[in-house]
Amino acid sequence: MKIAVIQGPNLNMLGVREQQIYGSMKLEQIHAQMRDFAAQSGLEIEFFQSNLEGEIVDKIQECYGDVNGIIINAAAYTHTSIAIRDAISAVNLPTVEVHISNINRREEFRKQNMIAPVCTSSIVGFGPFGYHLAMVGMIQILNEIKAVQEMQKQQAPQAE
């Protein structure tokens, strides 16, 4: 199983920006923890970060046919990007949205979430540990999909 982790704008500044909200852990440290868990779980994982909406859309589209699932923190684009929402919907892959802070307890404009309705699940407010939870959740989602597909194969009429 292969998972793409897509990080949105300003996440490259983790550990520097607003530590009272996002903590002191750098993005590279989060990715190192995810890489370790992926290795223990037999997952292939790739990472992508961009501050540019179009590059994020391109990366989501590149995931089609290449990965089994997406973990995304669209950051500020969560609240504004119909393009990212449409890209997630278009590729139709299991997608888990992650936010380090609890966006529902922050500024009013952050309560608008454009992408959650097209994601399989959302994990918010657990700090960097949310990425670990997203990976555990993604493994569960992918295993359930695999089990359903295997059951459907067994139930399909045998060709004569």
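Just so you know, glycine gets a Cβ as well, placed from its N, Cα and C.
Record features, source Swiss-Prot:
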ACT_SITE  TYR22  active site, proton acceptor
ACT_SITE  HIS99  active site, proton donor
BINDING   ASN73, HIS79, ASP86, ILE100, SER101, ARG110  substrate binding site
SITE      ARG17  site 'Transition state stabilizer'
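HIS99 (active site, proton donor) sits 6 Å from ASN73 (substrate binding site), counting Cα to Cα. Taking each Cβ in turn and tallying the other Cβ atoms within 10 Å, the top scorer among the recorded positions ARG17, HIS79, HIS99 is HIS99. Under the DSSP three-state reduction, ASN73 (substrate binding site) is assigned to strand.
The two recorded residues HIS79 (substrate binding site) and ARG17 (site 'Transition state stabilizer') have their Cα atoms spaced 19 Å from each other.
Rounded to a whole number, the C-alpha distance linking ASN73 (substrate binding site) with ARG17 (site 'Transition state stabilizer') is 16 angstrom. The sparsest Cβ neighbourhood within 10 Å, among the listed binding-site residues (ILE100, SER101), is found at SER101. Distance between Cα atoms for ILE100 (substrate binding site) and ARG17 (site 'Transition state stabilizer'): 13 Å, as a whole number. Cα of the residue listed as 'active site, proton acceptor' to Cα of SER101 (substrate binding site): a span of 6 Å. For the pair formed by ASP86 (substrate binding site) and ARG17 (site 'Transition state stabilizer'), distance between Cα atoms is given as 29 Å, rounded to the nearest Å. DSSP assigns SER101 (substrate binding site) to coil, not to a helix or a strand.
The recorded positions examined here are TYR22, ASN73, ASP86; by Cβ neighbour count within 10 Å, the least packed of them is ASP86.
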